[in-house]
């Protein structure tokens, strides 16, 4: 009978272990479909475990607890294989009842995650921790069929993602294709984020553990729940916040390193931006990255900050002795090797770092305020730049308009002077023509009188043929003189018409001058407004010099034009006089042929007298013209000198006026600065008094808080001890109840009694030593409860086996 019971017990125990590993638990047929799928995944994972040599040794071990003398011997003899088997079974039970574990907020889950998730369970646990849904997996198939605008960029960056990993080495291989599909699908899923280079390393780490659909679902949850999508947006607002928080944490927890970084100009973004964008996948190896991802999915972004501080603390002694370039090389090459040398120590250091959530939120608020101020300042700066550009354009337009109006004014003055000169010349010519007309009319009257006298002589005396010929010649001369008088009359009429035209032009020029004067007045008003704006001394000086140079240039051009016109007039008059002299000589020669000797003598004497008279008149005219030109040149030179002196006086007066205004402004600013300094000193004294009062209040409040904290910690410790005591009592009562209900199973009862005795002995020993911390005792009690639950399951299986044998 004893032989059959022992064999059935051992077979039942092994069957129970296999059921736990395979996911076949009691009541499996009543589970929903989602849990059935989870159990199927666990079975697939267990098959992979059985293929491993270590796991096979642990699974097919023939060691049984009932063959051991005491429970203490069984616990120590199991070794690493039993501990690994316990981890596997613990994860299997947690995954079987994942929702229940989350509802109870089982602390064992986070503790197990910190120890490291087994490789074969990692894919399922990551999905459960991230909360990946089936809806994202269904959308993945639709996204693969679509096309993305980022495909070329993704293809370019895939070859640079995990180049040392065998799965991603082959070009256009299954690894690279899977990586491309997942990244493309997420770029279509979240079009605001699209594609960022750092996301490829996170996707590659997920694809090393799970298929494409599951990796896509986990990636979506990572981006949404842990605010990673804000880090990959084009603005990268979350990355800036993380850098600001990390810099403040380094300043608070590692102040000497922060001072060294500030002295070397080593910004936080130079070494930490890739840590947060890729979750340390580009810095550490794959195994360490997987463990960081385990805790990141469980605890969130806070653990990434802890890892960053742990890395800085690991290399602190070396970093304090390096410059900026050497620090960059150290972060890239030496620091990962130091972490890999002591992985558990590194993670324990990271777990030991404490972060205050209130302080982190306060830093986030400070960063948002800083960003808001920066945006306001940038908006104000952009507005001022736009206004400055508009003012510059307006100033340039006003300068161009003023220059154009000044040019127009100068041109108007020049044209007016030219018109005055032309009108003066026309008037002088008109006066000359009138004089010549009077002379010619007087000569015509004399000629008419001579004709009358000659006609009377012809009637009285009959002269010879020679006299008739002479009369005919005199008549011809008179006809020629009449023709010359007619030509002069025509010239006078033409000159009168030209005079009318010139007067019309003068009227038009006067109208233009009025318009120009009105514009000049407007320009003077604009100049007054511009002068009131108080430009810089250099600009004002240049403007004054420009106006003066333009006026000088205009005056010089006017004088040059006047001189040219005078020279042309003199040359034209000289040529005209030469032509008239030649014409008169030719007429004299023609008349001399037909005239008598007596007339020739009289004509010769008359011509000599007239030529002498004309020469004298010409000489006097030339001398007067030359004197007039000399006086005009002297007058213009004097005017230029006067203009220069006036401009210099105006420039000097403007400079003196501006200097006086600047002096007044400087005095006012000095007085304002003195008053401000006094106000600021008074405010500083008030602030110092307030600061001292606040400091004293803060010290009092801090002492009160410390006292309250110690009291609360004492009450918490007492409550924890009470909870642990009640839990141990509960476990003892449950064990005693099971023992009373199952008195037939003698072997199991003995084992349980031995275990209870050992536990009681341990409890008494701990109490006697005084080492009874709440958290450790609670965890040990939980482990003991779990082990007793497993033993109770074994006991139920034994019961079933005995009933089957009896039937």
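Positions of Cβ are set from backbone N, Cα and C atoms, glycine also.
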Phosphoserine per Swiss-Prot (candidates: 58, 74, 607, 652): 58
Candidate set 33, 589, 803, residue annotated phosphothreonine in Swiss-Prot: 33
Among 64, 586, 611, residue with annotation phosphoserine (source: Swiss-Prot): 64
Which range of 1-31, 94-124 is region 'Disordered', per Swiss-Prot: 1-31
